[in-house]
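Engineer: According to Swiss-Prot:
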- C61-C64: disulfide bond (DISULFID)
- 18-208: domain 'Thioredoxin' (DOMAIN)
- 1-17: signal peptide (SIGNAL)
Amino acid sequence: MRKLILGAILAGTSLFALGTQAESLSPADIKIGRQYVELPTHVPVAQPGKIEVVELFWYGCPHCYQFEPSINAWAGKLPEDVSFRRVPALFGGLWNIHGQLFLTLEAMGVEPKVHTAIFDAIHKDGKKLATPEEMAEFLAGHGIDKDAFLKAYGSFNVKSQMEKAKKLAIAYQISGVPVMVVNGKYRFDLGSAGGPENTLQVADYLIEQERSAQ
């Protein structure tokens, strides 16, 4: 299993294949240990008082890219008591490089502006975005100042956020992406849920469970 996980990471692919969308889930179908698991140690959320949903992802992951339209539409309709955030998975190599790209753009407050464009650049246009200079050149085409980006990319703040992301992935016990975690308690993925839409149904179910428990 360890070799399988390592192979998937080195290949830049997810362990959780999208496959064919399984039959739509009803709330009665969703069971702990089947569609989702409870983490043995609950992880503190970033915004206490809100129900937190985290997606762990990698820009280079094809399954994350295919999941994007569904999760973007879903996240855009979340109620006020739910917070959604993305966290890059950092497994070394390009994972870390792209994770640093994401965290830099997030620190600059411009990540939503270019999130989809970065996915498209990698998966449609074949760009690697493997160096800060290549990233800066690409981002300049989207109105982001090169020098400001390069300064932020190497900043202490971004490096600190990298360490936090690494620790979070360990706490969540993830081995591939995309993965979702609700309220620091429940982890699930495309494979366990049975496809993209079912994954979001599991998220909705767990959000409602957490809301009812408040």
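Yeah, the Cβs are placed from backbone N, Cα and C, and that goes for glycine too.
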Engineer: Test of understanding: give the count of other CB atoms lying within 10 angstroms of the CB of C64 (disulfide bond).
Structural biologist: 24
Engineer: With every protein chain in view, how many other Cβ atoms are within 10 Å of the Cβ of C61 (disulfide bond)?
Structural biologist: 25
Engineer: What is the average pLDDT across the domain 'Thioredoxin' (18-208)?
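Structural biologist: Averaging the confidence scores along the domain 'Thioredoxin' (18-208) gives 96.
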